[in-house]
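A quick write-up on the structure given underneath.
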Amino acid sequence: MEDFVRQCFNPMIVELAEKAMKEYGEDLKIETNKFAAICTHLEVCFMYSDFHFINERGESIIVESGDPNALLKHRFEIIEGRDRTMAWTVVNSICNTTGAEKPKFLPDLYDYKENRFIEIGVTRREVHIYYLEKANKIKSEKTHIHIFSFTGEEMATRADYTLDEESRARIKTRLFTIRQEMASRGLWDSFRQSERGEETIEERFEITGTMRRLADQSLPPNFSSLENFRAYVDGFEPNGYIEGKLSQMSKEVNARIEPFLKTTPRPLRLPDGPPCSQRSKFLLMDALKLSIEDPSHEGEGIPLYDAIKCMRTFFGWKEPNVVKPHEKGINPNYLLAWKQVLAELQDIENEEKIPKTKNMKKTSQLKWALGENMAPEKVDFDDCKDVSDLKQYDSDEPELRSLASWIQSEFNKACELTDSSWIELDEIGEDVAPIEHIASMRRNYFTAEVSHCRATEYIMKGVYINTALLNASCAAMDDFQLIPMISKCRTKEGRRKTNLYGFIIKGRSHLRNDTDVVNFVSMEFSLTDPRLEPHKWEKYCVLEIGDMLLRSAIGQVSRPMFLYVRTNGTSKIKMKWGMEMRRCLLQSLQQIESMIEAESSVKEKDMTKEFFENKSETWPIGESPKGVEEGSIGKVCRTLLAKSVFNSLYASPQLEGFSAESRKLLLIVQALRDNLEPGTFDLGGLYEAIEECLINDPWVLLNASWFNSFLTHALR
């Protein structure tokens, strides 16, 4: 790698990178990937600034060659690449002359045209994740962030990319070339995997002074210093030590081991109460899409442009009215919010140029729906510790809910095939090893089985919505931004298609911690009449907003079109996981792989081809009251994927607890089926731990009912 860096980069850049590594006490012979990363970052900073000048009229211009005597000033001041002292001197001087706020961390550039510092990032990972890490580290709205990736993606604060398209394309092309060059020398994989997240200030925080003395004083006996204790903890092997202690204790441990027989286990007790309601962040089987095929309009790919184009495909709008009110909400406000969206979209269409983003007017209905000014005022604890009756809020116990049939229907629907493909077959280069060949063959077979699955649509929809909401939450903290809910797919004929499910309006989003909540209002199109299963839609206000003509066996029929509106909320950490929903594909592929591996080890040859191509064979899919359900290998793939996707969509503490505790009972039952004569103690306590997670969550209740079917059939 070191040789490659010296060949690939300008000697001046290499020299600066060597200096930087020396300054931080790093050895470039060992940290070769870091050496390459520093050179790449330096080169991007220089390319960013190259050819950009400000003329005597204060206009930003691009000059690649020309009159050396022209009165031109460099548009960007380069801070990156200078030694720390010099760099801070430059920053201080800029702050003094321009009045800019002094940044906490050294930025990379200063833009004299926009009067702002710029932090440049080059990442081998997802641009969104790296952007968030940068934003979390800098914690300043004044410093502009611009991230490039080696795959040609980029992300910048408020989607303001500073430079013209051509200058940015030069940078992306260079990064792509570096990647290709590395790959051809077999260096890329190691380089890609070596990227660490942004170091937070804590990692480099040396404990000194009083805190250090306190740390040294609070060590367990027999440890002289914090370093000693750390070294001991890092090298501690717990097992032998704990076993020794347990054998000394066994006289005092009073656990009677009871045999676990077929008659021992009882079914789980599911709660009684009103039926459970829908709690996903967006509609699933009930969603309706307004779509455009082969999009080629101006601004294609910009969400707002796409949304307006999709809205224009529908002509059946009518005066909206509430058909299913939200019991606790102010329903006229939801109605007004939808009317406001329609009116503001109409305003945009009347403008000459459609903007890239749309911030909604802060009307009373939106303030109410987004909970503006509703949070109780925070008071410093020191100011109120003398208050005699200081106590936490009384929070009500959650109301118990019973299992409703709709969640099983949702799951069945998620396993079905749609008539569109939601993921592309990844184009990866030629396989160079037999194991790679088998892996890519498995991936291709699996992709073919799940690419049209509705659960895959939910993945892409979830990734899009969470990415868009997280971007808007970082870039437009104070604005009520309108975010279209969009997905993209290909039709059977291979034509591209852009779909609009509805809109989200984001509330204020000053998200400092991972768990800070951003409120949003979702408005989603549907043809489902909410009056058929009102319990499912408890959290929604549903409007009737139009009539849609549908083709049917008897010709065209008109069906009312509904809008499902609700207030909801999410957090940075939930959005981060939402953005990574593609992992569900990987998880289910790994489960299928373990089935293939088991089959292959019995037959002593790779069974991938036979596994996917033998259409006559059926495989167990799951338990139902009727017994073990079986289906084709494709159905198994789609069912496993749907389970993984629902675990993500309905993630909750109840699910975490139920999964962890029910697994223990499952292992005991499996041991009994394998004639291993298992014994248990405190089985009642285990049932209690499982059943305390069965409260009101639809997905957990469905899993518990499946678990009961499994118990019934497993112990016959």
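A Cβ is built for glycine as well, from the same backbone N, Cα and C atoms used for every other residue.
Here Swiss-Prot gives motif 'Nuclear localization signal 1 (NLS1)' for one range in the set 108-123, 124-139, 364-379, 668-683: that range is 124-139. Site annotation (Swiss-Prot, ligand Mn(2+) 1) includes ASP108, GLU119, ILE120; from HIS41, HIS52, HIS297, the additional listed residue is HIS41. You'll find the Cα of GLU119 (Mn(2+) 1 binding site) roughly 9 Å from the Cα of GLU80 (Mn(2+) 2 binding site). Note: the Cα of GLU80 (Mn(2+) 2 binding site) and the Cα of ASP108 (Mn(2+) 1 binding site) are spaced 5 Å from each other. Counting residues 6+ beyond its ends, the motif 'Nuclear localization signal 1 (NLS1)' (124-139) has Cβ neighbours under 8 Å at 103-105, 145, 147-150, 153-155, 191-192, 195, 197-201, 467, 470-471, 474, 512, 572, 576, 579 in the same chain.
Secondary structure of the motif 'Nuclear localization signal 1 (NLS1)' (124-139) per DSSP, as helix, strand and coil residue counts: 12 helix, 0 strand, 4 coil. Annotation for ASP108 (Mn(2+) 1 binding site): spatial neighbours HIS41, CYS45, ILE78, ILE79, GLU80, ILE118, GLU119, ILE120, criterion Cβ-Cβ under 8 Å with sequence separation of six or more.
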